[in-house]
Each structure stands twice: as structure tokens, then as C-alpha cells.
Amino acid sequence: MLEDYYPSTTSYYHSGIDDDLYTAKWGMVMTFLDLNDSSLTPFEGTHFALIGFKSDKGVYINNGRVGAVESPAAIRTQLAKFPWHLGNQVMVYDVGNIDGPNRSLEQLQNSLSKAIKRMCDLNLKPIVLGGGHETAYGHYLGLRQSLSSSDDLAVINMDAHFDLRPYDQTGPNSGTGFRQMFDDAVADKRLFKYFVLGIQEHNNNLFLFDFVAKSKGIQFLTGQDIYQMGHQKVCRAIDRFLEGQERVYLTIDMDCFSVGAAPGVSAIQSLGVDPNLAVLVLQHIAASGKLVGFDVVEVSPPHDIDNHTANLAATFIFYLVQIMAQHN
């Protein structure tokens, strides 16, 4: 039995007015799945599993605005409204949430990793609804556990922050996940391949830039780089990063986008990547056929305005699933 795991029991979705797939919405098509069901066998074809990570403990430790614990429900509600374009050949299963208000951050990350591995063993592509960006380390661990020790796993993070902070004194938090991944790779004598899109210089100290400069395998583009380059040059940079890689894990921190597009986040951003450009870049990553899982994190519904941020997060999920279904 998976720890801290709660299958969905309350529907966030609606039945709609008919059963015609040409007019169906996500909320009419998505079905519940219990990962603890021992009778399940690996699925054939390309299918997805949606799981919520109900934790913003890392945000609290990092002195951010808490509220991301409420985001899985908010994103599900927005996603349910979107039209379904994938017929009956592709399924998106809602498998529930990882939740443990009295559990430690490390325990919840470990529980998420085991749920992710279970999804991968069932041949389901994980989609995680954070939660703070501490979500990423648990997701990454689960993906790595589903691979052999020699398999590669590159990481792309769309984020205004590197999230490479040391954690020896403070302990893990929402800003340390990728340093934890880096340290794991060093311990295993692997190269940690990490590409951050949307870095803002005013959100990252000199220590972090120096760490990146000295670390082979880590690349980044600032938000201003992306603005000047345009999506085609950004996509070419991603292609170079992924050359020779077989698998990539993608994580989207909603503070990558300006407060006008994403007001409901843990750390608001005055500047940010254009969401339209982001969709083109995300579609390109998905079209590589290398994407094995992704998450959307740091949506904070108590600070949102008319569900703008939750809707944008759901929009990214919509377009990623559309393309992944065609290229996996």
C-alpha cells in the first residue's frame, strides 16, 4: 500500500450534457484509478495519470507565501472545462493525491516518488499537480527509480529561480530540489543535465550563478534571453541540450510568468516569460518524444485572481498532453 496516498473520492469534474466525444470535455472523459488496486496490469498505448501533491511545507520553510497546498483541486476544476480532442484512444486517469499535513517534507517526497514509480510500472505518464516546488524532487526520484541505474534523465525547469540552494543547514525546501538532484548525481557519479528556462537575475544571488558556472551539465536562459531569441531559437537551444538524451523530465514553476498572467503564485514575478511563447516551447519539448513526466507547481489559489493562474497551469497541461499523445 502506498503511504500518504488517497485515491480520488470526490469528483472535481462534471458529466456534461451528452456523451459525444466530438463535444466532450476533460471533465466528462477523465476517470478515477486507484494505484493500490493490485489487479491492475500495465496499460497498452499512451495514457496519463494525474496526481496531486498537497504540500507547501517547502514553501513555508523557504519563507514563501503558503497556499499551494490548495492548488491540485483548483487546477483540476479548470482542466475539467477544456474540450477533449483525443478521442477514445488516449486516457487521462485521476489517481488522487499525496497528502499528509502531519508528515515531514521528506516523508511526503518519498511517498510521491513511490506513487510515481507505480504509475511508470503501469505504463502511465505522470502528471503532477503541485504543491510547492518541493514537488520536483519527489517526482524526479520516482522517475529515476523506474529506470535502471545506467539510464539517463535530463531535467528542464521553466522557472525564475535556479532552486539550487544548499540545504545542509536549513534542510530541504522549495528552493533546494535541484541541488538535491545534483548531489544525488554526484554521489552516483552521473552528470546532472539541467536546463532552466526563464531565470531572472534579480531573483538569484551571486552564489547560485557561481555554482552554475562551475557545474558541468547545467545551462540556463534568462527571461530576457528568451524574449530576445524568440521561440525558434529557444527550441534549437533545447534540441542541443537534449542531443544524445533519451528521457527528459519537465517541471513548470508558475512564478516563471509575470504577475499579470500568474498572480496566484508563492513568489510573484514582475517580469516573466510570455505564456504564448511558453506554450510553443512546451509543445516542442513534448514533440521530442522524450518527455516521460511533467508537473506544474507553485499555484497558490488563495492569492489568485479569478483563477487566472490555475487556468494557465491547466492550459499548459492541455497542450502538453495533446502533443505527447501524438509523439509517444
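Heads up, the Cβ atoms here are built off N, Cα and C, so glycines get one too.
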Original post:
Looking at Swiss-Prot, His133, Asp159, Asp163 are annotated for Mn(2+) 1. Which of Asp37, Asp253, Asp255 sits in that same site?
Top reply: Asp253
**OP:** Excluding His133, Asp159, Asp163, Asp253, please set out which residues of the same chain place their CB within 8 Å of the center of the CB atoms of the Mn(2+) 1 site, keeping sequence order.
**Re:** Ala136, Asn157, Ala160, His161, Ser174, Gly175, Gly177, Phe178, Thr251, Asp255, Cys256, Val297, Glu298
**OP:** Taking only the Cα atoms, work out how far Asp163 (Mn(2+) 1 binding site) lies from Asp255 (Mn(2+) 2 binding site), in Å, as a whole number.
**Re:** 12
Subject >> Cβ atoms near Asp159 (Mn(2+) 1 binding site) (within 10 Å, other residues, all chains) >> reply: 27
Original post:
Where His133 (Mn(2+) 1 binding site) and His161 (Mn(2+) 2 binding site) are concerned, what is their Cα separation in Å, rounded?
Top reply: 11
